[in-house]
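Participant: The structure's right below; bear with me while I get my questions together.
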Amino acid sequence: MKIIEFRKKIPYLRYLEMQEKLRKFRKECILFLEHAPTITGGINYNPENLLVKPEFLESMGIQIHWTQRGGDFTAHEPGQLVLYSHVDLKKRNLSIRFYLENLLRSVIDSVRSTWDLQLISDSDSPGLYLESNPSQKICSIGVNFKSFFTSHGIAFNLSNDLKTFRCINPCGRNWTNMTSVKDLGLDFGLHKRDELISCLKKNLCSFLEPINVSSS
């Protein structure tokens, strides 16, 4: 399995093309990247949770795409760390539940190691929330399990300004419930981003055993 860090922002459509090729050839790969301002709707999206018209999004330079991942609407923007994980569950004999639990556990442990920040999950609303304020969401999750090969993944709010979230009710909740490392007054510098990625690699390796780390 390869782990690739993209230093430049990746267009969302380019990612959709990449994940289809990875699934077609069942090539395992973990990607770390950022997107330009983008709104995506999952297979369970509620039209009422899109608060503005597509024409307004276009005028603001915000893309909108419909995807096959689970969940409702979410947003991507610069400063948000996106982790896309492509894993062959069939080959590894892993259950969907095991994969999701360990993906979230990897993020929880990595964030705690990086900032001493405690996160919790919510079985009624996927994602990760502040233990000190469970209404505040800092990490979104949406995964596709087609053919028992995963795609999409998690989006962690690091230094993004959260403005794109104002156009939606993310996962059906008010956008004001979203927070970020920056909003919490914690160090969000590049060295912290790199530290978080390093921790994520280590924790993901503990249950996926990836190899061949590279950068792009």
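From the backbone N, Cα and C atoms, a Cβ is placed for every residue, glycine too.
Heads up, here are the entries from Swiss-Prot:
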DOMAIN    24-212  domain 'BPL/LPL catalytic'
BINDING   Arg69, Gly70, Gly71, Asp72, Phe73, Thr74, Ala75, His76, Ser140, Ile141, Gly142, Gly153, Ile154, Ala155  substrate binding site
SITE      Lys137  site 'Lowers pKa of active site Cys'
ACT_SITE  Cys171  active site, acyl-thioester intermediate
Participant: Would you say which of the recorded positions Arg69, Lys137 has the most Cβ atoms within 10 Å of its own Cβ?
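Facilitator: Checking each of Arg69, Lys137, the winner is Lys137.
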Participant: About how far apart, in whole Å, are the alpha carbons (Cα) of Lys137 (site 'Lowers pKa of active site Cys') and the residue listed as 'active site, acyl-thioester intermediate'?
Facilitator: 10
Participant: Could you check the recorded positions Ala75, Ile154, Cys171 and say which one's CB has the most other CB atoms within 10 Å?
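Facilitator: Counting every other Cβ within 10 Å of each candidate, the maximum falls on Ala75.
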Participant: What's the longest C-alpha separation between any two of Arg69, Gly70, Gly71, Asp72, Phe73, Thr74, Ala75, His76, Ser140, Ile141, Gly142, Gly153, Ile154, Ala155, the listed substrate-binding residues, in angstrom?
Facilitator: 16
